[in-house]
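Worksheet: one structure, shown below.
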C-alpha cells in the first residue's frame with residue numbers, strides 16, 4: 001500500500017508541472033513561453049471570447065501568427081503570408 005501511495009504521488013507531481021522545453025527545441029519562428037487560449041492566427045474573424053487559461057510551450061515569436069487557428073502545432077508565419085482564404 002505504501003508503494004502505491006508513493007507511486008500515485010509521483011504521477012500527480014509529474015502531471016502537475018508543464019514539460020520543460022528549452023528554447024532550442026522550438027521550431028522556427030517559435031519560442032518557449034506562456035500564451036493564452038486564443039493566440040493570433042491567420043483566421044480573419046477570431047472569436048470574441050477567450051478563456052484565461054494559460055498554456056506553456058512553443059509559441060509564435062512577436063510579429064508571427066499561427067497558420068491554423070488554435071492549432072498550436074501549426075507553423076508560425078508573418079501575417080502578410082497568410083493565405084487569402086483564411
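Glycine residues also receive a Cβ, built from the backbone N, Cα and C atoms like all the rest.
Because the structure is a prediction, the values reported are computed rather than measured.
Copied from Swiss-Prot, the annotated features are:
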| type | residues | note |
| --- | --- | --- |
| SIGNAL | 1-16 | signal peptide |
| DISULFID | 26-58 | disulfide bond |
| DOMAIN | 26-82 | domain 'TIL' |
| DISULFID | 38-50 | disulfide bond |
| DISULFID | 42-82 | disulfide bond |
| DISULFID | 60-76 | disulfide bond |
Secondary structure content, the domain 'TIL' (26-82) (per DSSP, counts of residues): 3 helix, 17 strand, 37 coil
Winner by Cβ contact number (other Cβ atoms within 10 Å) across the disulfide-bonded residues 26, 38, 58, 76, 82: 76
Sparsest-packed of the listed disulfide-bonded residues (42, 60) - C-beta count within 10 angstroms: 42
Residue 26 (disulfide bond) versus residue 38 (disulfide bond) - Cα distance in angstrom: 19
Cα separation, residue 82 (disulfide bond) to residue 58 (disulfide bond) (Å, whole number): 20
